[in-house]
Amino acid sequence: MSTFVAKDGTQIYFKDWGSGKPVLFSHGWLLDADMWEYQMEYLSSRGYRTIAFDRRGFGRSDQPWTGNDYDTFADDIAQLIEHLDLKEVTLVGFSMGGGDVARYIARHGSARVAGLVLLGAVTPLFGQKPDYPQGVPLDVFARFKTELLKDRAQFISDFNAPFYGINKGQVVSQGVQTQTLQIALLASLKATVDCVTAFAETDFRPDMAKIDVPTLVIHGDGDQIVPFETTGKVAAELIKGAELKVYKDAPHGFAVTHAQQLNEDLLAFLKR
């Protein structure tokens with residue numbers, strides 16, 4: 001099993017497929033590197049090296065009590081990039097993982113980065129703030145934490161419906177829903193709850209100004225988890241030269257529901 005050891009001793013799992021120009025994937029909340037298997041197989045079969053890791057506290061990585069914050073997540077990515085000596089890497093972040101890769105560029109620069117892709121990402125700001133009243137009300141996130149601490153398995157099981165848009169007519173197999181629950185339950189409860197605080201409260205607006213590589217923003221306008229109008233749309237406006245693609249009626253989990261469209265768009269961006 002491929003792992004590296006972070007600066008604080010946390011062991012972090014990653015998978016590394018294929019050869020060619022590298023693409024590094026950062027997963028969403030409740031998930032792990034396995035969420036990317038269809039994108040990784042597609043791109044690695046077409047001449048790219050694809051790498052995905054389990055964020056600390058999730059999947060097969062260690063479960064430290066502390067360090068579940070975006071500066072640490074970004075530093076973990078920096079260490080993985082250095083560990084593998086990646087150059088001209090394209091960073092792809094989904095949901096809270098979009099914050100990981102944006103913060104990486106803000107903290108560590110873009111010398112090793114060829115491009116950035118933000119998929120249904122929480123950037124530039126997910127939660128409400130006095131100067132960002134359009135953000136998601138903080139009591140929504142407080143409820144998430146309360147329900148997770150009461151019955152995590154049921155919360156995640158119920159979360160599948162809005163995540164995949166099943167409650168809006170999207171068709172997702174029972175197998176995928178079961179896999180999502182299984183992946184989510186591998187994670188540390190502490191990390192799962194801490195990450196709610198991280199993605200609800202972290203302001204990435206300063207990070208957006210530091211992004212100086214070609215950027216593709218993809219978001220579904222049917223996203224019930226991370227609303228397009230206050231995240232993806234704004235991020236594309238704040239990042240200089242960003243390209244925006246909006247998937248009509250797509251849910252938050254469009255990497256599953258719109259996998260072929262996403263794969264083709266990723267490949268086109270890599271070939272630009």
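Note that Cβ sites are derived from N, Cα and C of the backbone, with glycine treated the same way.
Under the heading domain 'AB hydrolase-1', Swiss-Prot lists 21-253.
Around MET96 (acetate binding site), taking its Cβ as the centre, 28 other Cβ atoms fall within 10 Å, counting all chains. When secondary structure is read from DSSP and collapsed to three states, MET96 (acetate binding site) falls in the helix class. Taken from Swiss-Prot, the feature acetate binding site covers TRP29, MET96, and the record attributes it to experimental evidence.
Neighbour density for SER95 (active site): within 10 A of its CB lie 30 other CB atoms from the protein chains shown. Per Swiss-Prot, the feature active site maps to SER95 (among others); the stated evidence is a curator's inference.
Its Cβ taken as reference, ASP223 (active site) is surrounded by 24 other Cβ atoms within 10 Å in the chains shown. Swiss-Prot lists ASP223 (among others) with the feature active site.
Proximity of HIS252 (active site) to non-local residues of its own chain (separation of 6 or more, Cβ distance below 8 Å) is seen for SER95, GLY120, PRO162, PHE163, TYR164, GLY165, GLY220, ASP223, GLN224, ILE225, VAL226, given in sequence order. According to Swiss-Prot, the active site annotation covers HIS252 (among others), on the basis of a curator's inference.
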Local backbone state of ASP223 (active site), from DSSP in three classes: coil
Neighbouring C-beta atoms (10 Å sphere around the C-beta of TRP29 (acetate binding site)): 24
